[in-house]
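Worksheet for the structure shown next.
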Amino acid sequence: HSVSRTSPDLTFVPACLPPDPVEVEELQRFVSNSKRLFVMTGAGISTESGIPDYRSEGVGLYARTDRRPVQHAEFLRSASARQRYWARNFVGWPQFSSHQPNTAHLVLRDWEKLGKLHWLVTQNVDALHTKAGSRRMTELHGCTHRVFCLACGDRILRSELQEHFEALNPTWKAEAFGVAPDGDVFLTDEQVRSFQVPACRKCGGILKPDVTFFGDTVSQEKVSFVHQRLAESDSMLVAGSSMQVYSGYRFALAAREKKLPIAVLNIGPTRLDHFASLKLNSRCGELLPLIV
């Protein structure tokens, strides 16, 4: 593999044992037997890049705080909810956008180049698979690096929006208290109150990140496209996901229905454990590079 050997950031990775050689051999056999491998990744593949997830025991956002991600309906309905979201996102963006792919992302990129990987679906919105060079890929829940207008559909890069924020808020300062998985930070209501949010430059409409917020649904067009890629595949690997969110879990159910072998690589239990052909409790960035 042309994989970089940078040290992983384990701050948000739950403790686990090193890979068992027998399990490594089993996953090696699983991947070798696959001609058209369908891979689905979740937040657990990005924790080694220093991005926290929601559900990991002890270190996930839900375990450490009572904070919950913004809800779709609240963002649409409430100007103050949007102001709070964008203020936090503005402060968190420089750090969040600077995160780099880790070994696991690069291995999957290499599998694609070698023709081992038929299609990759990520539930993450962090753009790390894109940064790694993956191309045969669907971002199931969108990507925080893009922003669009809810009224006219105009799209801009999130980095461009950062400049608009800075121009509107030249003297606004806020210190962040910890980063959340989707790139925002924790701020007090007092800090948020004076933050100015730009409207769409074309029509004055509401700007929203190009991501599926909690409570929203993935478009039927995207779901159908992913089902087609799965139908062309002969096996499924889930890496770094507990599959608690139905939008991803439905594809594992479809794979089971098609009687495809399913391997799961995740620290901690998942919704697939009772029907997966293979379950491995290891770090993605530690185990995947051992597969050739």
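Using N, Cα and C of the backbone, Cβ positions are placed for all residues, glycine too.
Taken from TrEMBL, the feature domain 'Deacetylase sirtuin-type' applies to 17-292.
Per TrEMBL, active site, proton acceptor is recorded for His141. The Cβ neighbour count for His141 (active site, proton acceptor), using a 10 Å radius over every protein chain in view, is 22.
Among the features that TrEMBL reports, Zn(2+) binding site is placed at Cys149, Cys152, Cys200, Cys203.
Close to the recorded Zn(2+) site, the chain also has Leu150, Ala151, Gly153, Asp154, Ala199, Arg201, Lys202, Gly204, Gly205, Leu207: residues not among Cys149, Cys152, Cys200, Cys203 whose Cβ is within 8 Å of the site's Cβ mean position. For the domain 'Deacetylase sirtuin-type' (17-292), the mean pLDDT of the prediction comes to 90. There are 19 other CB atoms within 10 A of the CB of Cys200 (Zn(2+) binding site), with all protein chains counted.
Cβ neighbours of Cys152 (Zn(2+) binding site) (same chain, under 8 Å, six or more residues apart in sequence): Cys200, Lys202, Cys203, Gly205.
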